[in-house]
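Since the structure comes first, as structure tokens, the remarks are kept for the end.
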Amino acid sequence: MTPAPKSTFVLGHRHLLGIEGLSAADISGLLDLSEEYVELNRQVDKKRTSLRGRTQVNLFFEASTRTQSSFEIAGKRLGADVMNMSVSSSSMRKGETLMDTAVTLNAMHPDILVVRHHASGAVELLARKVDGSVINAGDGAHEHPTQALLDALTIRRNKGRLEGLVVAICGDVMHSRVARSNILLLNTMGARVRVVAPSTLLPAGIERMGVEVARDMREGLDGADIVMMLRLQRERMNGSFVPSSAEYFNYFGLDQKKLSYAKPDALVMHPGPMNRGVEIDSIVADGAQSVIREQVEMGVAVRMAVLEALARNLPNA
């Protein structure tokens, strides 16, 4: 068993429902703690006992591979008893409401609930009904805080900082909770954020979030330190937002030519899952500038840090 982390950071919130409301100090504290877990996860003995005796329930109402497995691994490496619950195996398929599910689970006294839901705001509503800590693993098009944190950790480890960097977020910004959480975090940490998308995939009033807006890749990637691609979220679209996948790739898909508009040492990022040949070319996704696989690695470390920081607030912690 490895020794306890050196960082004594405690998140001053009972839940992690979003990046909104976190201070720069909160974000830095979580990233610093995450750094310790990056190193731990590369060792043979990856176990700590921070969550020993605690119960973690992963409650996913949307399909997930990376996020759910990442949270499961994170909890188990910290010593928690982890239960995975999907909607297909829950009473909600039989008509039970989200609030009834929350009350039922709360009666079992879980310490931490990790929740993903297709409706924006659903995780916050659930958090009001439970006694333990709740982590938002993605709610509709609203927020995905741990994705933004792992993206920030990936950037900081490669660039040494967040402040002053030009980050281009490209693609389906309108339907992306990842985009929203990243914009909030990057603005808080002093980065310069630019969103790049056709008008049909930009939310009305996006400028009010403190971002620059570009409607073509040459303008959007000019001078960018980070190129963050987003997939087309067709499952959230109720109409035709792009003429075709081929035409979308022609104008907004990241290939080697478009990547050349950014700085020569720009990082290529993607939260996954990738639609190769739609928003990103395989040569770029698997190329020397890509840190997409590193993002997955950082995800486990960040989620361990979030679980640890919240657990320190729990009774008898």
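Using the three backbone atoms N, Cα and C, a Cβ is placed for every residue, glycine included.
From a predicted model like this one, the values you see are computed outputs, not experimental measurements.
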Per Swiss-Prot, ARG66, THR67, HIS144, GLN147, GLY272, PRO273 bind carbamoyl phosphate; matching candidate in ARG116, ARG192, ARG194, ARG312: ARG116
Listed binding-site residues (ARG177, ARG231), ranked by Cβ neighbours within 10 Å, top entry: ARG177
Lowest local Cβ density (other Cβ within 10 Å) among binding-site residues: ARG66, ARG116, HIS144: ARG66
For carbamoyl phosphate: widest Cα to Cα gap among ARG66, THR67, ARG116, HIS144, GLN147, GLY272, PRO273 in Å: 16
Other C-beta atoms that fall within 10 angstroms of the C-beta of GLY272 (carbamoyl phosphate binding site): 16
From binding-site residues ARG66, THR67, ARG116, GLY272, the one whose Cα lies nearest ARG231 (L-aspartate binding site): GLY272
Those binding-site residues listed as THR67, GLN147, and which of them has the most Cβ atoms within 10 Å of its own Cβ: GLN147
